[in-house]
Amino acid sequence: MQRLLFPPLKALMGSSCLRLLVPRAAPRTQCGCSCGIRRPLRPGQYSTVSEVSLQSGRGTVSLPSRAAERVVGRWLLVCSGTVAGAVILGGVTRLTESGLSMVDWHLIKEMKPPTSQEEWETEFQKYQQFPEFKILNHDMTLAEFKFIWYMEYSHRMWGRLVGLAYILPAAYFWRKGWLSRGMKGRVLALCGLVCFQGLLGWYMVKSGLEEKPDTHDIPRVSQYRLAAHLGSALVLYCASLWTSLSLLLPQHKLPETRQLLWLRRCAHGTAGLVFLTALSGAFVAGLDAGLVYNSFPKMGESWIPEDLFTFSPILRNVFENPTMVQFDHRILGITSVTAVTVLYFLSRRMPLPRRTKMAAATLLALAYTQVGLGISTLLMYVPTPLAATHQSGSLALLSVALWLMSELRRVPK
């Protein structure tokens, strides 16, 4: 973090952009002799790019310089990395069935883990009062409980780190005046979404702690709340990464042709498909749908299984029937990789910058790698390391899709 932020900060602090600006010298116009005539300045002209407003007798930068934009862009890039880490860690927490090990939530109090044997016994006794222990883990030992507790604890502490990574630098940059008016709105929205994520995470966990006497299902969190938790994290990740790329990557001045318009639309649609496929994975995880048909390309002995529409009304099957949920995830995955392939060949037919072609080629390679990981995860009955790699691959694929979209974005006039 220091290496990323401090060199640009030093460049910014030593730049002339931060001094109180004086009107620049007007350009000379040639009049056929050795003298020059200065044209009068228009009101509001200054000698550097940044504007300065004088408030309460001192100067504050009201628009960020290019150096400040690089600092903000790198900060948001680091933030998006912390969100990616939270998503990956959350996936591992779900795969190891550790998410219900901490049965209460305190913002500050739970930051200190149990240290003595007595404290661990107390924590274990609280867990024993809830359905997961009674139905699924009734023979669990204290040592096994410590493992799943530390998994959930790590996820929650990482979430707090994400919050600090957003809020503290945002307050600093705001005070320094390095955020434009539009960027202030984005930063406020991102910080609000981080706080919302924490509350949504506990709302999700509560659904797995409720007693359900009318059902004999394995205790698990609601797949709807899990999808909402993952979806908001993906929105936070995409918004942070997109803003960062917009600030850090110089725009290409591409000719606005019909081909480019179609390529841009295809890139946007492909990114949307990748996002939707990743989101559908939350329903697969929430219902353990990866364990119902462990064969490919067929599902069992048929292409379309007979139990797709078991529930009534029919719409319930899309979100609550494990067979339909896995079927939908397969279809979305195949559609996404097809869209990526079409996008790649479209990009090959156009004269694009080298960096843009690299983004398209990387997206194609990642898409087929992700398909291979998904099929392997299914055939091997969802081993935790492979499944976690598959989940991480969806983030990588989404990142490169955003990179390509950034490469193709329209240059403002």
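From the backbone N, Cα and C atoms, a Cβ is placed for every residue, glycine too.
Per TrEMBL, the features are as follows:
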type	residues	note
TRANSMEM	75-95	transmembrane segment
TRANSMEM	157-175	transmembrane segment
TRANSMEM	187-205	transmembrane segment
TRANSMEM	225-249	transmembrane segment
TRANSMEM	270-293	transmembrane segment
TRANSMEM	329-346	transmembrane segment
TRANSMEM	358-382	transmembrane segment
TRANSMEM	388-405	transmembrane segment
Worksheet item: Do any residues of this chain, six or more beyond the ends of the transmembrane segment (388-405), have a C-beta under 8 angstroms from a C-beta of it, and if so which?
Response: 84, 87-88, 91-92, 95, 234, 237-238, 241-242, 245, 264, 267-268, 270-271, 274-275, 277-278, 281, 343, 356, 359-360, 362-363, 366-367, 369-370, 373-374, 377
Discussion item. Please identify the stretch among 157-175, 187-205, 329-346, 358-382 with the greatest number of Cβ pairs below 8 Å relative to the transmembrane segment (225-249).
Written reply: 187-205
Worksheet, complete the sentence: Per the Cβ filter (under 8 Å) with a sequence gap of at least 6 from its ends, the transmembrane segment (75-95) is approached by 1, 4-5, 151-152, 154-155, 158-159, 161-162, 165-166, 169, 173, 190, 226, 229-230, 233-234, 236-237, 240-241, 243-244, 247-248, 285, 382, 384, 387-388, 391-392, 395, 399
Fill in: CB contact flag for the transmembrane segment (329-346) and the transmembrane segment (358-382), at least three pairs under 8 A
yes
